[in-house]
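**Student:** According to TrEMBL, the record shows the following:
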DOMAIN    38-47  domain 'Uroporphyrinogen decarboxylase (URO-D)'
BINDING   43, 44, 45, 46, 47, 92, 167, 222, 335  substrate binding site
SITE      92  site 'Transition state stabilizer'
DOMAIN    155-171  domain 'Uroporphyrinogen decarboxylase (URO-D)'
Ligand SMILES: Cc1c2[nH]c(c1CCC(=O)O)Cc1[nH]c(c(CCC(=O)O)c1C)Cc1[nH]c(c(CCC(=O)O)c1C)Cc1[nH]c(c(C)c1CCC(=O)O)C2
């Protein structure tokens, strides 16, 4: 008698088509209005959770991003605690760059620091293509999570070409992105070569996640708001469009940046199904800027968690009311959870959003 051996990992590696019809988060991404508005929080994994701090004690950030068991546990921690409508894969936007051999350190309280900033043709030429074998822990982490998550959708993510370029060119976090803009304006050919390579790396990194089974993707162009709309369209949009275009019709695509009030239309046009909005633009105004064919995500001020509950609750309800102006609305903060946030308040926000 032959025994059929089913590899659990391979069996759940495929997308979960049943979820697309039932999960409130995925329905809202497609422009539908489920009975309750779905909610998750950027940076829900990490930072504010004591169980995360205990788990990570003594383990460097980038090491934790290369360990499928840690990735799984850290991604699951906020899901167990807050019961959000989606999980976000625990990683960082610099992980694919580190996998390519770039010397990048994540310095506590500072962020990514690049040992040799990329500022000339030789530096750009060193950015080779990413292949799945460069990041085996990503597919393993996604498959492991799909076994844990049940019917909670999993969001994969990557940094957008401009935001990655800013870290590489500046050598670390930057307020004014001066060297980045200097390169962009003075050597446009080299700039476009750099962004084209980063678009390829980002697409490959997301492809690994989508092939392993994530249910949606979010492209973080966190620092795009530093650009005028004209410069965004000229120097950045074609490259982000290449990334998002690669996943059209495959999984919902969320496109997010901070301070992007003037870029919302353009960020939708490059190929997003959902446009993430920070707290500076009221969500109904944002929905008008984004247009009638895209959902919105956002946009409670991350600092509102420090307000008294009656003030906080009124702000949540205001976001919910304004969100009805868009075809679909995924509730979120306008940027990541602030490190000082009380996790109990996040659980409260989930309850208030679900109560409607
Ligand atoms: C700014 C920064 C980066 N990377 C890092 C920083 C500094 C963080 C700090 O000291 O507070 C380093 C980093 N990144 C992450 C951690 C783990 C601990 C934590 O949650 O703060 C740490 C220490 C997870 C992460 N890093 C990121 C996620 C994204 C997914 C999510 O929303 O959960 C996580 C869990 C993504 C990331 N990573 C980065 C950007 C710009 C983004 C896009 C999101 C944003 O604009 O904030 C670069």
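Cβ atoms here come from the backbone N, Cα and C positions, even for glycine.
Small disclaimer: the values here were computed from a predicted structure and weren't measured.
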**Student:** Over the domain 'Uroporphyrinogen decarboxylase (URO-D)' (38-47), what does the predicted model average in pLDDT?
**Tutor:** 97
**Student:** Express the distance between the Cα positions of residue 92 (site 'Transition state stabilizer') and residue 43 (substrate binding site) as a whole number of Å.
**Tutor:** 10
**Student:** Where the criterion is a Cβ under 6 Å from an atom of ligand 1, which of the binding-site residues 45, 47, 167 meet it?
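**Tutor:** Checking each Cβ against ligand 1, the ones under 6 Å are 45, 47.
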**Student:** Count the residues of the domain 'Uroporphyrinogen decarboxylase (URO-D)' (38-47) that DSSP assigns to helix (H, G, I), to strand (E, B) and to coil, and report the three numbers in that order.
**Tutor:** 0 helix, 1 strand, 9 coil
**Student:** With every protein chain in view, how many other Cβ atoms are within 10 Å of the Cβ of residue 167 (substrate binding site)?
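**Tutor:** That number is 25.
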**Student:** Can you tell me the three-state DSSP label for residue 167 (substrate binding site)?
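**Tutor:** Residue 167 (substrate binding site) sits in a helix per DSSP.
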**Student:** Quick test of the contact rule: Cβ under 8 Å, at least six residues beyond the ends. What residues does that give for the domain 'Uroporphyrinogen decarboxylase (URO-D)' (155-171)?
**Tutor:** 40, 86-89, 91, 93-94, 96-97, 102, 104, 111-114, 117-119, 123, 142, 177-180, 183, 194-195, 198-199, 201-202, 205-206, 209-210, 214-224, 226-227, 235-236, 239-240, 243, 254-255, 257
**Student:** Within 10 Å of the Cβ of residue 47 (substrate binding site), how many other Cβ atoms are there?
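**Tutor:** By my count, 15.
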**Student:** If one looks at the chain holding residue 43 (substrate binding site), which residues at least 6 apart in sequence have a CB under 8 angstroms from its CB?
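**Tutor:** Set apart from residue 43 (substrate binding site) by at least 6 residues yet with Cβ under 8 Å, we have 336, 337.
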**Student:** Mind telling me which of the recorded positions 92, 335 has the densest Cβ neighbourhood, counting other Cβ atoms within 10 Å?
**Tutor:** 335
**Student:** Near residue 45 (substrate binding site), which residues of its own chain have a C-beta under 8 A away, given they sit six or more steps off in sequence?
**Tutor:** 52, 74, 75, 77, 78, 87, 88, 90
